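Below: the structure, in structure tokens.
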Amino acid sequence: MSPRAAPPRFGPLQLALAAAGTAAAALDLCMDGWVAAEYARRGQPGWAALSLSLLAAASAAAQACSWLWLRSDPPALRPAVPVALLAALHLLQLGFFFRCLHALKVGWKVCWAKAEEEDEQRHMAFLSHDISMLRLFETFLENTPQLTLLLYIILRTNKAELSQGLGMGTAFLCVSWSLLDYHQSLRSFLQDKYELSLGSSIIYFLWNLFLICPRILVVALFALLWPYGVALHFPLVWLAMFLWVSLQGTDFMESSGPEQLYRAMVAVILYFSWFNVARGRTLHRSIIYHGFILVDSTLLALAWLWGWAPSEEYSYLLPVVSAALPCYLLGLGLRVTYYKWLHPNMQVQQEGAYDEVDTSGGLEFRSFLEPDLVNRRMQWLAQTQFPVSQQARQHFLNGAAAV
């Protein structure tokens, strides 16, 4: 039997990146508070309330997920603090930051203290995977709506305050950071040879950026003329995405109730960006999704053009809108480029070790053969992003059963 697969190594660089991610999340929270305070100070309580409501709703959903995961995690992997204190922290919307600080503590121990290195590495990997997923949830539930709101307000007032500019900057930073961190976290379930290179990271970041920006732009422009129309448009598209996710039969959470929460959050992500939730080939699902979003965004842009009265003050908007479609198509082209030449399951690996890895067309999955030390939630998502054939999965399970 082959030796068990080692966990992805966590070193000083990863510790620095984790600290930077925590600092970025804290900075983004401060910027959101500053923007809302500026709205209130300038006599715009409605915008301040809406901004804080988006922040509160996103935080509550992420805290609920964090709490549910802690309750279902093996006791050995839970923080060594009273359950009542953990519950209080989550009620105070501090559960995510507590996770980040706890992970930094464990990461410091891994990097500088000579403890049980392998077990601590596995513990750190478990914590990092959950933080990556929570960061992605909070980013798309809070930052993308905040970006849309900020852009709408800037367009409506035809001026940008310092707080708004910095708020948009930190929001884009968090969106890009969360996407890359999430994708890299999923790839850590693969063998080391499939690590994301700098070039691959740039292409992955760019195709997501070029697809998200036009979406945010057309929604903000539509809201500029029909603000109450967005209040109708978003629930309808969200409901369609929720039903679509439900039909794909996700199995991410521990029970059916929390699974509905997960599907609801994924539906919000899908309003702005592609997110795969089911195993198997994604080509047809991706075509359906991008076709739907392209048609929907085009209709929003056409509705804005139909109701827009040209004026010198807003003359710059027409070329901006005209660039949205080429930007989206460029994003689709970069996505095709990424999945054709840079995605792991396009790289052929001839050798396999079924007692260590799960393979499909050359793709090898880490399987640590220690259920309590594997983050099953993120492992399930990794298998949706990097599909595994049924034959290879059964071969792996047979090998694992023999251990």
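Cβ from N, Cα, C; glycine included.
Owing to the predicted nature of the structure, the values given are computational and were not obtained by experimental measurement.
Here is what TrEMBL says about this protein:
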| type | residues | note |
| --- | --- | --- |
| TRANSMEM | 50-70 | transmembrane segment |
| TRANSMEM | 77-98 | transmembrane segment |
| TRANSMEM | 162-182 | transmembrane segment |
| TRANSMEM | 202-225 | transmembrane segment |
| TRANSMEM | 232-249 | transmembrane segment |
| TRANSMEM | 261-278 | transmembrane segment |
| TRANSMEM | 287-308 | transmembrane segment |
| TRANSMEM | 314-334 | transmembrane segment |
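Tertiary proximity for the transmembrane segment (287-308) is limited to same-chain residues at least six positions away from its ends with a CB under 8 Å from its CB atoms, namely 214-215, 218-219, 221-222, 224-226, 229, 233, 237, 240, 270, 274, 314, 317, 321, 324-325, 328, 332. Counting only same-chain residues 6+ beyond the ends of the transmembrane segment (314-334), those with a CB under 8 A from a CB of the stretch are 155, 158, 203, 206-211, 213-215, 217-218, 221, 290, 294, 297-298, 301, 304-305, 308.
Panel annotation: around the transmembrane segment (261-278), residues 61, 64-65, 68, 136-137, 140-141, 144, 208, 211-212, 215-216, 234, 237-239, 241-242, 244-246, 248-250, 252-253, 285-286, 289-290, 384-385 of the same chain, lying at least six beyond its termini, place a Cβ under 8 Å from a Cβ of the stretch.
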